[in-house]
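Listed in TrEMBL:
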{"type": "DOMAIN", "residues": "64-198", "note": "domain 'TFIID subunit TAF5 NTD2'"}
{"type": "REGION", "residues": "224-259", "note": "region 'Disordered'"}
{"type": "COMPBIAS", "residues": "230-246", "note": "compositional bias 'Acidic residues'"}
{"type": "REGION", "residues": "424-447", "note": "region 'Disordered'"}
{"type": "REPEAT", "residues": "453-494", "note": "repeat 'WD'"}
{"type": "REPEAT", "residues": "495-536", "note": "repeat 'WD'"}
{"type": "REPEAT", "residues": "537-578", "note": "repeat 'WD'"}
{"type": "REPEAT", "residues": "588-621", "note": "repeat 'WD'"}
{"type": "REPEAT", "residues": "625-657", "note": "repeat 'WD'"}
{"type": "COMPBIAS", "residues": "666-676", "note": "compositional bias 'Low complexity'"}
{"type": "REGION", "residues": "666-711", "note": "region 'Disordered'"}
{"type": "COMPBIAS", "residues": "677-711", "note": "compositional bias 'Gly residues'"}
Amino acid sequence: MRETSLDQLVLHYLRKRGLRDVEAAFKPHVRTQQPEADDGMAVSQHAELQQTLIEDLANFAAENDAGLYTETYELLTTWVDNSLDMYRSELRKLLHPVFVRCYLQLVEMDAADAAATLLARYRTRVLSAGGGLRRSTASDLQQLATLTSRAALRSSPLATSGPGGGGAGLLAPGAKAAVVLSPAAHELLLRFLHSGGARMLPLLAIINGDVDLQVLEGLSRGGAGAAGAAEDDDAAADGWEGEDALADGGGTGPSGPADAATAVLVNRTEVKLGLLQVSADGAEPATKKARKAAEKAAVAAAAAASSRAEALRAERIEHPPFLPRLPDEVVSASLRDIALRQPVSAASPPSCSFFTFVNAKQTLNCATFSADGSRVVAGFSDSSVRLYDMPTIAAHHASLRRSRQRQAAAAAAAAAAAAAAAAANGGGASPPPPDVTALGGDEEAEPPGTSYMYGHKAAVHAVDLSIDERLVFSGSADGTIRAWGAEFGSCLALYTHHVFPVWALACSPVGHWFASGGADRVARLWTSERTAPLRLLVGHASDVDALSWHPNATLLATGSSDRTVRLWDMREGKAVRYFSCGPIGAPTAIAISPDGQHLAAGTDEGRLAVWDLAAARRLAVSPPPASHAGPVWALAYSRGEGAILASGGADETVRLWRNDLVEPAGSSDGAAANGGPPNGGAANGSAGGAGQSNGGAAGAAGEGPGRGQAGGGPYGCLSRFRTKSSPVVSLAFSRRNLLLAAGPFHRRGPVTG
């Protein structure tokens, strides 16, 4: 290559980037002779040379100054935090991939102290801004913390292998993080990078070489978004281009336009969404007692049936021969609860029972409930799985209260007798008051009703109960799944086919199937009868973080950090629906309505989106003012018609969303749902007495409903409930439509009062 061509290319690059000072200093040294026509380079050669020049210029600007990377990254974070609200959420997507590359560059320069400082600052920033670490982010930080020297970096498989599950993709050489920006946000970013002169070259090299910027029309624009917010709130706030793109499941996903074309083909697949003909509310029990309960439930259901419910029953599909039948005791219990189920709707919202885990702020990772709310299963960072029998715990604490009252009354009577005796003997010093703190001292001991199950070698991130509640399944960061006996707490089976941490578990609503998803980007279908997976659901480009079964047990929904939600047919093992969450974030929780028609997803940005599975199009998305202020960690539809969708997350709130697309059966204005767990806590009250000293479950209801913005559309925000000080890690409706929620207590500030 001629030197004159190189000079002209450098000059062209400086002009394109607006580096006027560098251009003026470089111009006197440029050779004016033009290159010959036959010496022109191919377009690919120009592109490769341009990237090489960027890296060389960045290395020259850094001059082995480790502080330059830390300084420029701090400038970037400050600029993003001070940007306009309409662009801040887009620009924040840059911070994590840029941080990873800055850290790796510092390690490559053997600047371990600067790298450790940058890691600590970034961790603090994420915790304070988002209310908690996303699983993929936490995995990246954990892996980066192990790379503290150049030798460790070059010998680590994380930095030498290709893109893989978990955080290995960002750490691998040549891996680019996809960041979707609107044209206006992209223009603002370019202006910022060009305003800093030569010191911004390292940051510019990282963004050009390690970040795949995708500038797409239809995202929030500066002027149009501000001027037309009132007229087109959905289009501007949601970040989607329009209903035409949504009809086929397309969107601005990180994988590019090819995924939109794939979504069009996938979403044209015919899907049978009807419920099973033989299910919990339509089976024929064998016992006489069960048949009587079925007849009673049928009468109650007929009295409360709506036209929509009749239509849904007409659309039911045949029970596949490979699906097992529900046990008679499960059917009988379901029928009894259906007969006593309270209808919930916007006019009669559900009651809520909140289970608070004390002394578990940094250790509680997940929780689930039995169908009647009488048992709670939780997974902790100390690798333990704990099962709480709430009636036993409630009875224990009631016994403690009665014992304490009796001891207090006896102590008061003894003190009164001593005072009377002293007065009869001519006065004297009054006896000291009884020491009430010494009464009931055995309350700190471990109460009955709590079972500890140990066996995992790392933190437990997912738990679930089988349909008959005899088995407890747990997934851990050690890449294994364990099946436990709920009665005795012993490990019955070990499933070891996951390579990376297991993030999600979901048991089938019918039979002995269960599904899992993790950092290896694959969802797996299992059966409790064998330890090898039945199917591998491959297609996601990042961690599988959320799972939800369709009510007919033949379809499974998966949500991934690649910002997509997919619906899989278990009979064929292929995807039949593909939805992109686009700019609203990566799905962290998903739920399917009881009628099997709608799929809801909550994201790490606090937004909610709902899709129609039959039409493969989006129905609603939550506007930012009504959305959560942190990641959404739990979603649940109410039983029966699914008239209420509940969501909870890191912002310590439970929000109710009305589903106006259904007609609630038997709804009555002003009615309240009071069905609760047997022998357990009452609605809006305690469900297990006082908290335990080491991560024990305690019932504590949140504060009263605070009305949120109702919003328009079929899924408007109905109300907002703030907990006392607990992020919500799990939500579920009992069979009688009591809303159950759980989370760790997180006290903020000094104790007052």
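Backbone N, Cα and C define each Cβ position, glycine as well.
Caution: TrEMBL annotation is automatic and unverified by curators.
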Residue distribution over DSSP helix, strand and coil in the repeat 'WD' (588-621): 0 helix, 21 strand, 13 coil
Residue counts (helix, strand, coil, in that order) that DSSP gives for the repeat 'WD' (453-494): 0 helix, 23 strand, 19 coil
Residue distribution over DSSP helix, strand and coil in the repeat 'WD' (537-578): 0 helix, 25 strand, 17 coil
